[in-house]
Amino acid sequence: MDVALAGLVVVFAFAAASFTARNSDVWIHLAAGQRLLTGQYVPGTDPFSFSGADRPWVNHSWLVDAASYLLYGGQGKVLVIAKAVIVALAFGTVIGIRRPRFALWPWAAVAGVAVLASAPHLVLRPNVVSVLFLAITLFLLFRVNHRPNSWRFPGAIGVTFWLWANSDPWFFIGPMALALIIVGDLIQTNLLDAPGGPEPAGGDEPLGRAPDTRTLAKALGVGVLACMLNPHHVRVWELPFELVGAPNLEGDVRFKLLLMSPTSSDFINNPGYGQNANGLAYAVLVVAGAAVLGFGPGRVRVGNIALWIGFAALSLRSVFAIPFFAVVAVPLIAGQLNALSARIGAEQWADPKKRPLLIGSSLGRALCALAVCAGCVLAYPGWVHPDISNPAYARRISWAVEPEPSLKQAAEQFQRWHETGALPADAHGLVASTDLANYLAWFAPQEKVFFNARYNFHRPELTDFFALRRGLGLLAIEGERPNPKDTTAVLEKWGAEYLAVYTAAGDSLFTRLRAIDAASGMYRNEDNWSPWYVDGRTTVFGWRAPGGPARPTFARLRVDPVILAFGPQVVPVPPADLLPPLPQLGWEGAFIRPAQVAPVGAAEALGWARFKEGPATRQGRRGVVRENVSRPLFVLGVPSVTNFSMHQFAMVVTTASGGVRFEPNEATPAGAAASGDANEMAAVPLLALRAARRAIAENPDHPDAYYALAQALRDKDLPLTEGERLLGIVTAYRQCLERLPPPEQYKRGQFETSPTEVALQLALIYLNPRSRRDPKTGKEKLNFIGMALDVAPLSELLGQSVFEDAQGRQIRVMTADRGRVKIPSTFRPVTGDTPHVLPIDAARKLLERALAYGPADFAGDPADRFQEWLQGVESVLKEVEANLIQAREQYDQFKDRGLPVAVDRARRNGLIVQAVDLLVDKEAELAAEYREGVPQAMILRVGMELVLGRIERANALLDVLGTGEWDKQFKSMGLAGAILQLKYVKALIAGEYKAAGDIWETLAGAEIGLLDNMPPPGPTVPAPFVSRTIGAMLGKQSPTDDQKAVDALLHPPFISSPFSQPLALFQLRLLAGVTDELRVRVAFQLQTESAFFFRRGALSLLEGDIASAKQRFRQSTRKPPPGWGLPEYSQQSALGYLKLIELAEKRAAP
């Protein structure tokens, strides 16, 4: 059983070391190995930086670098497996020190604890090799039999140390181990006057004796000389930076972690470092080692005590030394446990004093076996490592080297610049992130950096590197604000042409906000900073000194949003599948479904939003007033959704498109600059939206992608109406919330998204609160207006006009009832002609959810900040609940009058969730309750699902309603058009822009070209011609093309309804003989066709189909039929976008 237990521990060590390598310094080692084997790098030179090119680089790990490159193979699977095997061999070697006649299970037990203590530090770095070499050194010391005056041991040590010194800078712990034992032996011999004497016969000591002092001294001398048999000779004696550090590094979080000590409060109090099972295991090794070595029953040599003390002190100095201490602790502690168990035999069972020890030994074996088996199982989801906030980075069992997509993408951009000659070889810049600098070594070999993770080598640049980061605000120095002059001073000193800033997904909120502030300042300062690259995490800026000349790269490499958004290389966005979110799992989810890293597009979308601050600020300084308020045109007297004219539908969704306004102004340099900023402001929203859509397509179950989409849709420069954007935001926020873990499982930092923010923002969109002062009490109170809903047919189904009097009392009137309800003169409209909807019950649930997430999102923040936020949300919730009580009281008066009345009253009083639940819960009763009105009830249900953002449910319902008997019912009742409109809205919100375009053509395309056969005004127009048209219609004769054209203008193609003919005839008679009215109709048709093509082009533009968008925008200019004296009609926005497409083609041309 003991052998099996030892084997399980070795398996446990292999499993604990088997996780994906994500540390950025991997790429430096791979790059060094590649260049070494291809002859591009000679040890002693610097192949990576321009700042240290004139001094030697002591690369202790050149041998490991070369081996790593050979094992990498493009994915790193073999490399990570090799690392895990090395760790398993190291702990197997340590267990192998045990002497045959002694129990094996104490060695396995202590080794298991040592593996757990070491697990957080078993990263793919050269120091893993040091764990194996240290284990081999201990094996040579305590397990191999030694003969006096033999050179076998010194020779073995020499070979080991020679390999070690060429593999890792921590090689010095080998000579240190020998030196500690020698010092201990000298103390024991000379000071304690207790010479060790010869080893007892038969190996009675549980831990074999080290060689005599003379042999140890020879081995140490040979080992030291062997260490210097490498390309760096005496320079090899350089202590690791993690151990010695540098002054004044506390302000940088990354260096603080690099220099962390187990005695620091950051380690002791942080579950991500020491306050966990790994930290406990380390503490057990320290305490147990001190106890058994100080008070154990076995005879302990002073050399062994010195060895333990030396490595314990080393581990207390740096967490990176914990694995080395753990390896040393195994034989020293296990040997003492063997000494204890050796005093007890099975024949002593009768002795009551020793019986508990025998029982404990048996139980110890069983418990150790269970514990190690559990460790192997828990290693699979990564639970033998410290807990991290983002489960996507959990160290679950996996064998791969995985680059961070954003860093890889940014580094490859540098390489493309060099390969194309856009960035000359002699151009240098400063990278303010060691992570990005490390990636550049592998993915951009032509790029020479200023500073990377070779900290000892870059000691001369360390001061400037810190000044650079301090000026950017990336250091957390108490009481000190960032000074940009610190950054520019370093740039000037090194003659830099550019600066790169990167923030990692795991960075603190403080660091991310500081990086955002720094980038925002550079975006706004176009005189000294030129943005070259943007992806949300990485930003690269060209730089020129104030008042100094700009290098050619300053303007040449500037990112061009116009080309990226409108150029011929744009790839259409793939539509995402509208599937419900995966069910939330508990602890078992870590085994069944590993978390995924956030898609790159999510960060990119947010990055473009920050990029826009530059042109927006500059336009504000130039006094350019940009009005982005949508102004929908609603035709009064719209009868109902069943009789909704496609003329009106077209005008609603296109005239209301509150997109960017194009005002060409390039007559002067200032005008050209303003025009350039306006062009960028039109391009950036499209880039952000497409990036978010790509993120969703890449991973439809990650909440960060939907959060990014919501932020992208906030931009009013998108060619969408306010209502369409709000519906999109509501849907994105809802999808985001549904993919977040419940409050009890959520941890701050788990995602870039804050569920508290999302829930609160969604509630506020629903509520649209406005503050007012109560005339009686003088206190501030809130009135809730609701969400703008200028989207047909939802505005007809759920929209309300809101009126208020001086006391703040409200009257809400359904859009369909607007003409039938008389509003008291003391009430004034507060929403204009734009319908609004107020889902008050949905808002209440969202506020409660925000309160549930709040404690986790504010964890670690000052208590007063949380209390202030809590009071604010609770005050809004109180107002909402007061409104909800009134809504429920009005609903309760009618809820027992049948399902249709209950649903209608719930809808009118803002109980949208209640109305949907009624329709769902009583679906079996719909036919009996609604009778022939069931199709209208289903249309209403789809509309309410869309307003609530539950697009997956709306999509599933629309799929059902478009097939079989449902489809027949809608067609027979003239409601097929309403279903098409809902499908259009669903497709638009879902990002299915191509499908939305196809539906748009089905809905409105029949009206296009009605003027092709329009006769000019003359003696037959209008009265006689109109009379013949009426006769043709009444007599059901075949009308001529001319009659069709006039009839189409006088009788717009309503969605088919059996009641439309009398209304059409009435219109014809009313308009007969009125030439001017017919001319108005012709003009209106031109506007409608122009709006149709603009909207169709805008959908193609959102999708990324530039060729189709260009064609549609050109078609949006409509020529009138001859003889009517009307001008051409066009959409200013269509002409503006067309100009940008042509400009992008020109710029992208070689």
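If you go along the chain as it appears here, the first residue is 1 and each next one adds 1.
Each residue, glycine too, has its Cβ placed from N, Cα and C.
Just so you know, TrEMBL annotations never went through curation; they're auto-generated.
Per TrEMBL, the feature coiled coil maps to 870-897. Note on the coiled coil (870-897): mean pLDDT across this stretch is 92.
Taken from TrEMBL, the feature transmembrane segment applies to 78-97 (among others). Same-chain residues lying 6+ beyond the ends of the transmembrane segment (78-97) with a Cβ under 8 Å from its Cβ atoms: 6, 9-11, 13-21, 68, 71-72, 104, 107-108, 111, 114-115, 118, 122, 124, 128-129, 131-132, 134-136, 138-139, 142-143, 207-208, 327, 330-331, 398-401.
Sequence annotations record features per position, and here TrEMBL assigns transmembrane segment to 104-122 (among others).
According to TrEMBL, the feature transmembrane segment maps to 128-144 (among others). For the transmembrane segment (128-144), the list of distant contacts is 17, 64, 83, 86-87, 89-91, 93-94, 96-97, 99, 118, 122, 153, 156-157, 160, 163-164, 167-168, 170-171, 173-174, 177-178, 181, 207-211, 323-324, 327-328, 331: same-chain residues at least six beyond its ends, Cβ to Cβ under 8 Å.
Feature annotation from TrEMBL assigns transmembrane segment to 280-299 (among others).
Residues annotated as transmembrane segment in TrEMBL: 305-334 (among others).
The annotation transmembrane segment is assigned in TrEMBL to 363-383 (among others).
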Contacting positions for the coiled coil (870-897) when only residues 6+ beyond its ends and CB under 8 Å are counted: 760, 763, 767, 769, 781-782, 784, 840-841, 843-844, 847-848, 850-851, 854, 904-906, 909-911, 914
